[in-house]
Amino acid sequence: MPVGGLLPLFSSPAGGGLGGGLGGGLGGGGGGGGRKGSGPSAFRLTEKFVLLLVFSAFITLCFGAIFFLPDSSKLLSGVLFHSSPALQPAADHKPGPGARAEDAADGRARPGEEGAPGDPAAALEDNLARIRENHERALMEAKETLQKLPEEIQRDILMEKEKVAQDQMSNRMGFRLPPVYLVPLIGAIDREPADAAVREKRAKIKEMMKHAWNNYKLYAWGKNELKPVSKGGHSSSLFGNIKGATIVDALDTLFIMKMKNEFEEAKAWVEEHLNFNVNAEVSVFEVNIRFIGGLISAYYLSGEEIFRKKAVELGVKLLPAFYTPSGIPWALLNIKSGIGRNWPWASGGSSILAEFGTLHLEFIHLSYLSGNPFFAEKVMNIRKVLNNLEKPQGLYPNYLNPNSGQWGQYHVSVGGLGDSFYEYLLKAWLMSDKTDLEAKKMYFDAIKAIETHLIRKSRNGLTYIAEWKGGLLEHKMGHLTCFAGGMFALGADDAPDGLTQHYLQLGAEIARTCHESYSRTFVKLGPEAFRFDGGVEAIATRQNEKYYILRPEVVETYLYMWRLTHDPKYRKWAWEAVEALEKHCRVNGGYSGLRDVYVSAQTYDDVQQSFFLAETLKYLYLIFSDDDLLPLEHWIFNTEAHPLPVLSRNIKKVEDNEK
């Protein structure tokens, strides 16, 4: 979908704060991306760079000639003194009619006073020393530039252009954001379920949320996460020095569960303490889905302006991650210096498909909320790069080099490293009110290839999604992959060639397999990964795959299958998960992950993940709520379960009518 097709949603009133300022400053009258105007009188940066080199060489030649002149003070006086009024003696250094007014005005020191230049010859020598120093520096910079490869010079120019664009955007952050049309909140507040048993179960899940929140507040308030066993704060390196991940991640869950007092104290913390002006290297992916996603969702649900302001502020901070030759963003970014890099373990310095492919929903909303298409252009460029690449067997490898714009190692997974890329293709189509036809095509082409090359059945009929490594299958499925059952079902209604029932059935089969991975453990919660080889089915065989960290993907699929089929087994399976969490993960200080789901003697990992409040408990609560709470036709969940409204094709018409 061309960015131009999105632009009507992102317009803002003329001169309207960030939107108006950025629309002119960065959009370049429609050029976008901070480009200069393309007229005959405008030089490109590359042309300016060449002219600068020529000019530097000319200046070097002129100053170099001075050093070969005879050492005559009179000659040098003639060359320098007459061309430099600052070095000429004053007409009169005594107060009175003969004194120069500009000397008094600009505070210049006079001879005989402290700080005066004194002897003209000494001043001349100082001046020549500065000239030599500047001359040597210019030569050194020119030499370093000429030694660079052409692509390095182009990269420097690109980064400088992007830096200028970001500086312009940052300078406008002090302006008020333009007014936006708030989508009517359909299903943000619900009624109690009519069935008493369902109502009781939902109340229990709300009590679990209170237990998790109250202990976080008691022992780790303002920290990123809670250590529920040792009762202290925990902070992952994913967030750098940014604080409050649990607070931001939990905002919309608190709102949906009508925990009004807790929501207000969370909002107050965001207003007073959430600070992005820190020297912090962060995961662009994690900060986007948790912080930006959480803030945007809280804004749409509550209408509180502070959440929009903070979301756009952080979005601007993440823009330097895109300053690569291909526009594929870095995985890690120092949000103060703007320096990015990739994970050292990633294939050939590559970016990760699931990370750069999971920015789309949030950045489209950032453009809508800021009134500027700059954010949308960044993620649409990612799609352009991907569409220009050959896909092995129609599959998307997990690694893409941001410098070359080419694939790294051919490793394909619908679990870790790849998962949410496919999720966001489908959800981009749905969130656009089904106008983003490019996203729809990419999604169905991708899952067709996945079904052909990755989906298999075990000897006993369990459907699973294997991993593809250079053409060879590894018969392993991760807990993260279990989200795919819900994805297949959610996209089934728009499937081509009468495949709707097929994809609903595929979703049900994946849900069953993931339920089996839970049922075959002692604690009835699933391992991080499970295998289908050597006679083993849906069981973890390696010690480093037996842990459970309060992950949500299985109950996420239960939610979609319940909403789309109303088969009661999904509520039954969800309640089994609730009982297992209460029995094995609940401790006095909150909820903890487990190191081994196959043993009775529990060893806790002592971390209450922020996504437990953002995702796991939210999905469980929604399973036991009526369908009119966050209905799927009006709300799209980002990969951290933050609900974002569908951007209706009629929004622009409504805005225009209200004006």
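Even glycines carry a Cβ here, placed using N, Cα and C.
Listed features, source Swiss-Prot:
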type     : residues  : note
ACT_SITE : E528      : active site, proton donor
BINDING  : T639      : Ca(2+) binding site
COMPBIAS : 91-113    : compositional bias 'Basic and acidic residues'
DISULFID : C482-C514 : disulfide bond
REGION   : 88-121    : region 'Disordered'
TOPO_DOM : 1-48      : topological domain 'Cytoplasmic'
TOPO_DOM : 70-659    : topological domain 'Lumenal'
TRANSMEM : 49-69     : transmembrane segment
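Here the features listed in Swiss-Prot are painted onto the structure.
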| residue | record | DSSP class |
| --- | --- | --- |
| C482 | disulfide bond | helix |
| C514 | disulfide bond | helix |
| E528 | active site, proton donor | coil |
| T639 | Ca(2+) binding site | coil |
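Rounded to a whole number, the distance between the Cα atoms of C514 (disulfide bond) and the residue listed as 'active site, proton donor' is 11 Å.
Averaged over the topological domain 'Cytoplasmic' (1-48), the predicted model has a pLDDT of 42. Across the structure, T639 (Ca(2+) binding site) and C482 (disulfide bond) are spaced 13 Å apart at their Cα atoms. In this view, C482 (disulfide bond) is surrounded by 30 other Cβ atoms within 10 Å of its Cβ, with every protein chain counted.
Comparing the recorded positions C514, T639 on other C-beta atoms within 10 angstroms of each C-beta gives the minimum for T639.
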